[in-house]
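Engineer: Just lifted these from TrEMBL, have a look:
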type	residues	note
REGION	1-22	region 'Disordered'
DOMAIN	427-509	domain 'PEP-utilising enzyme mobile'
ACT_SITE	His460	active site, tele-phosphohistidine intermediate
DOMAIN	525-875	domain 'PEP-utilising enzyme C-terminal'
BINDING	Arg567, Arg623, Glu750, Gly771, Thr772, Asn773, Asp774	substrate binding site
BINDING	Glu750, Asp774	Mg(2+) binding site
ACT_SITE	Cys836	active site, proton donor
Amino acid sequence: MKGAAVQQDPKIAPADKAVETPQDRAERFAALDTHPLARDPDVTLITPRAPMSPMTHGGRAKCLQRLVRLDMPVPRTVALSFAEVHRIAAGKMPDMKRLLEPFGEAPLLCVRPSSEGADWGGPGAILNIGLNDARYAELSARIGTEAACGLYRRFIQSYAVDVARLDPDEFEEIEETGEAGLQAMLRAFEDEMEEPFPQDPAVQLAGVLRSMARAWEGTTARILREAKGAPVDAGLGLVVQELALGLGQGECGSGVIQLVNSHSGHPQITGRYLRQSQGRDALQQGAEAIFLEDDPRGPSLQELAPEAFDELIAHTQLMRKRLRAEMQAEFTLVNGRVHILDGVRVARSGRAAVRIAVSLAEDGIIPHEEALLRIEPRALNELLHRQVDPDAPRDCIAKGIAASPGAATGILVFSAAEAQAAAARNEPCILVRRETSPEDIRGMHAAVGVLTERGGMTSHAAVIGRGMGLPCVVGVSDLRFQTRQNTLTAADGRVFREGDVLTIDGTNGEVLAGAPDLMEASLDEAFQTLMSWADDMCDIGIRANADTPADAQTARNFAAQGIGLCRTEHMFFEADRLTVMREMIFADEPQDRRAAIDRLLPMQRADFAELFRIMQGQPVCIRLFDPPLHEFLPHDRAGHRELAEALDLPLSDVTRRVEALSEYNPMLGMRGVRLGITVPEIYDMQARAIFEATVEASRDGAAVVPEIMIPLVSAKREVELVKTRIDAVAAAVRVETGRNFTYRLGVMVETPRAALRAGEIAQHSAFLSFGTNDLTQMTYGLSRDDAGRFMSKYVNLGVYPEDPFHTLDTDGVGELLTIGAERGRAARPDLTVSICGEHGGSPESIAFCRAAGFDYVSCSPFRVPVARLAAAQLAVADKIGWIAGSNRPYAAVPAQYYS
Ligand code: PEP
Ligand code: MG
């Protein structure tokens, strides 16, 4: 401390004890409106009428102005606009004398960032600007040498590191304390910079502003904020605020307060207060901070300074009401007097966000529509599935594709049989496979989660996992899967064996060692209320893809408006049916095939009757058999032997048959309608089962109108052939039962040709439903089961903006959707048009389909609430005229709707 006379014996100066009422403050702030800086659009003194907006000065600055308008005790603040900060980054400084004028002779200041989006980050706050040798001496006399010394050291350190860009170690490693430490710091600064620590507040402030402005424009900061949704040209504002010093005589300190619990959203006075401190020191680990409200665990601000406590509660309540948001206030007490330094949106989990939005709307603070807009639809996943507790430590060993949300902990098992054995022992297990196939279904039912080495968003494990609400991580290429040894090896060399405990987080794609705490799903009343408001607004149908009664029940529980896709083949993988199915596949003679199919008929009829019963008169769209037959056959020698035994056939017959059915490219081979035409008995049986179940279900309740969907169509003639046979089956069932019924026959548009020829195909179809999984696969010529291997590289390199199996490619695949819908409707105006691929549940696809006039989207049952909310948001946004025609609703909704 060059030349400064340090007061060793602090003489505490009496602090200002005058009480300022809100009325006094209102007058004081209003008087400031005449200040020249209150009219400056770039270097703007924050007063009630100063020209400011979040788009010019950032959210923090605007929030401070709102607090000023509410006559809250906000220290004097000057906000620098985005334009001004941009000029500063380019080296053009504002008139520092003019900027500092509102702060008086010897200012003591802090600077904080103020970007437009609250989550876009920015440089950290810098406190205690203006501290120099003279001010240090004066402060030592007023608040004591030790406290003054701490403040000065803190400032020197942040100035040295953040502004002068010196090595932090140089300062952190200084061991001397107190005055000696301070001197050592000043020396270290001078040695490194070859000039003394700046003493002029204007020079200090200029340095701070320049460094913060430049930090924002740096490449790393830009990439980070763009990842959080900030536009390329996002601006930074800065707020320069007079320091309300939480150190000194009387009750001094700092803290934060909020009125809700950040995890649950329930009302709870939350926060901490630390005496003789500043900034957010109270939140630092190890700080001896105290509770705010009276608490049996220790002292509280309420008992220490009850008036200040009451005042803080009143301010925070007023913020909630008038800023229309749950806010966290940062405050300082100076000799018992409250100062509000900042207000930020309360950090919140997904479930807290729902409760907060609903309670604001129920209290009449925001309309229902705005509550809907405040929830990012995907955040609902947190309520719908178990999650890893956000506070739990995470030992992440690998990352893959987050294919089905939710978290699950269990022992590792490497086969479906082991999964079933573990389930029988009541031991939760994670099924680990290179990739899953239909044979794994029972294992998946037995497991609490699935982890695969290969696959993408539409691979078998992903689709089934989402359908079942089973957490699933696929495409985990940074784990070595040694399935013969039943081990997984992490990149850091750790080996996980069968029986070891792992947790998978299907919400973010992480694989975690051990068993971190999990939080249960909670479909509480706030969620139900929000959903009912969503349904009031929703103007596109939301159906569910449901294959089993359990799926259908989930769909109903989530208020789906019917089933948009029932994949019937999954029904044949049940143990009792698989054998019959195999008999059918192996039948040489038509009558043998007929016999096997006759045994499948009652099972299918029961399946459909159950679905109709659960859906209670809502539409159920049943897709006819789709996969190639060889999927039902065993793939290894042992399986062949077992099958030979079961069917009483020579092993060589089985092997020959399996080989005969194998295809080079099964996804493009004998599947879907091609199989339906070449082995028509299967579709005949399914149609009969559907119609007989229709008659049965209609007997007990409202008439059922089934929808029958033909998969993988590429030519009109295919539809004609299938339709003729199905009509004949319907006629036969009508005669046999003596009951009349109607049904709707439609086509699943999954091939580019079907989309292009939709006009002629629609002549025979009551509906077209786009199967965007296969349509994406065929449009790109990209295997949906193998794309996971290189997709992340492709996305990282910007070859594709997103994984097209995850986010609908609105340009290419989308064009086919539009062409198909337009041509289909031109040929048949009453055509129902929908989407039932995995994209159906994503908010972006819903925006696209809604804009293209689709009648409904269909998605996995667990995504139905997400889809309902996303669709409702689009309707609200249209109603209030913000984003007509846009398929990116969230980017276009003004920030205050998320604030
Ligand atoms: C599709 O292809 O989009 C579809 C829904 O069918 P699947 O996923 O069963 O092939
Ligand atoms: Mg398909």
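In case you wondered, yes, glycine gets a Cβ from its N, Cα and C as well.
Since the structure is predicted, the reported quantities are computational estimates derived from the model, not experimental observations.
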Engineer: Please report the number of other Cβ atoms within 10 Å of the Cβ of Asn773 (substrate binding site).
Structural biologist: 21
Engineer: Mean pLDDT for the domain 'PEP-utilising enzyme C-terminal' (525-875), as a whole number?
Structural biologist: 93
Engineer: Please go through the recorded positions His460, Arg623, Asp774 one by one and keep those whose C-beta falls under 6 A from any atom of ligand 1; give the result in sequence order.
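Structural biologist: Among the recorded positions listed, those whose Cβ sits under 6 Å from ligand 1 are Asp774.
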Engineer: Between the Cα atoms of Gly771 (substrate binding site) and Cys836 (active site, proton donor), find the distance and write it as a whole number of Å.
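Structural biologist: Answer for this pair: 5 Å between alpha carbons.
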Engineer: Taking Cα atoms as reference points, rank the recorded positions Arg567, Thr772, Cys836 by distance from the residue listed as 'active site, tele-phosphohistidine intermediate' and give the first.
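Structural biologist: So, of the listed recorded positions, the one sitting closest to the residue listed as 'active site, tele-phosphohistidine intermediate' is Arg567.
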Engineer: Given the binding-site residues Glu750, Asp774, which one has the fewest other C-beta atoms within 10 angstroms of its C-beta?
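Structural biologist: Candidates: the binding-site residues Glu750, Asp774. Fewest Cβ atoms within 10 Å: Asp774.
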Engineer: Using CB under 6 Å from any atom of ligand 2, narrow the recorded positions His460, Glu750, Gly771, Asn773, Asp774 to the ones that qualify.
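Structural biologist: Within range of ligand 2: Glu750, Gly771, Asn773, Asp774.
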Engineer: Once near-sequence residues are set aside, which residues in the chain of Cys836 (active site, proton donor), 6 or more away, have Cβ atoms under 8 Å from its Cβ?
Structural biologist: Arg543, Asn545, Gly564, Leu565, Cys621, Met748, Ser769, Phe770, Gly771, Thr772, Val857, Ser858, Cys859
Engineer: Per DSSP, what is the helix/strand/coil residue tally across the domain 'PEP-utilising enzyme mobile' (427-509)?
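Structural biologist: Across the domain 'PEP-utilising enzyme mobile' (427-509), the residues distribute as 18 helix, 26 strand, 39 coil.
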Engineer: Among the recorded positions His460, Arg567, Arg623, which residue has the largest number of other Cβ atoms within 10 Å of its own Cβ?
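Structural biologist: Neighbour-count leader: Arg623.
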Engineer: Measure from the Cβ of Thr772 (substrate binding site) and count the other Cβ atoms within 10 Å, all protein chains considered.
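Structural biologist: Its Cβ has 28 other Cβ atoms within 10 Å.
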Engineer: Give me the sequence-ordered set of same-chain residues, not including Arg567, Arg623, Glu750, Gly771, Thr772, Asn773, Asp774, with a C-beta within 8 angstroms of the centroid of the substrate site's C-beta atoms.
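Structural biologist: Once Arg567, Arg623, Glu750, Gly771, Thr772, Asn773, Asp774 are set aside, the remaining close residues are Leu565, Asp626, Pro711, Leu712, Met748, Leu775, Cys836, Gly837.
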Engineer: How many neighbouring Cβ atoms, not counting its own, are there within 10 Å of the Cβ of Gly771 (substrate binding site)?
Structural biologist: 28
Engineer: Using only the residues recorded as binding substrate (Arg567, Arg623, Glu750, Gly771, Thr772, Asn773, Asp774), report the maximum Cα-Cα distance in Å, whole number please.
Structural biologist: 15
Engineer: Is Arg623 (substrate binding site) helix, strand or coil when read with DSSP?
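Structural biologist: Strand, per DSSP.
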